[in-house]
């Protein structure tokens, strides 16, 4: 009989069709995507895909070259017209000033329109606002709801793509913050319990005394209810079950440990200070400006007055100095500088993503500490009320 059953099981396993196998693989793949490691890969991949999408929509190289040529042609035409007015015609000074102002205002309006609608940055600069680094920063600022505002879509298709991209990306990033923040909170509680709460420390002794007093108070209340006849048989069994469960709770259970709020605030201040030092080197900012940028970014306020793209997305600039390399730099030097710039930008993006998860972890730990203190105060008030009764 056992052989027949095992043979049937083996036959049933072999009997799976190709569609069923595809469904099983698809379920496993979806479960992996929404796991802890999968959600990180999903967020990073979604941001990279968004960067390439916005490069294709907004950063067409033909459009950039056409805008630069059109602005240059308008500048040359304006200069020629002013020169013709000076050298070839007799003119009155007042009339000449008025005509020159008309031509200059026309050229200024043309340049302003090119800057606003086509991201024009100058005749000798490449329009790198929609390069991979700039597009990656834009995608990250959309799904994190930071929204610096220095890079915005100009075309109708780009605006529609931004709306659809944000509708999918914002819940995905919130799921990332929830999962990664929970993992970091559990890991930090375990490290805090193992390193900071040793066996001979005062906090351990205080916690053990508090647990013993709580157990003793429960036993006294149970005996009092039994003597007065208030406690029924069902309640007695429930009370015994809770007493046994609480007595088996040991101090080594790290999930019962609460991290102090002061330590969480210290972690956040330290992370912001470390980011301020890094950005002061990469962007030539002051330490306070870097701290201000880190706080505004990690809190998702995102005013946009300080943006990490000034030297990262700039063409031919050196990190930390903000000075142009000028002429005399060969293609090899420009390529190596671009590689360093892209690497620095990746590190900036990693700092923001990890920092927002760290902020979520700290808020989670602080919430647990506040809830534990509120419960303790509530228990004390209830004990005082029962003692008076």
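Cβ atoms here come from the backbone N, Cα and C positions, even for glycine.
Straight from TrEMBL, the features:
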- 29-57: transmembrane segment (TRANSMEM)
- 127-185: domain 'Potassium channel' (DOMAIN)
- 130-149: transmembrane segment (TRANSMEM)
- 156-177: transmembrane segment (TRANSMEM)
- 232-251: region 'Disordered' (REGION)
- 233-242: compositional bias 'Acidic residues' (COMPBIAS)
- 257-279: transmembrane segment (TRANSMEM)
- 267-314: domain 'Potassium channel' (DOMAIN)
- 291-308: transmembrane segment (TRANSMEM)
- 343-366: transmembrane segment (TRANSMEM)
Next item on the list: Please work out the helix, strand and coil residue numbers for the domain 'Potassium channel' (127-185) from the DSSP assignment.
Entry: 45 helix, 0 strand, 14 coil
Notebook entry, point to check: With DSSP helix as H/G/I and strand as E/B, how many residues of the domain 'Potassium channel' (267-314) fall in helix, strand and coil?
Noted result: 28 helix, 0 strand, 20 coil
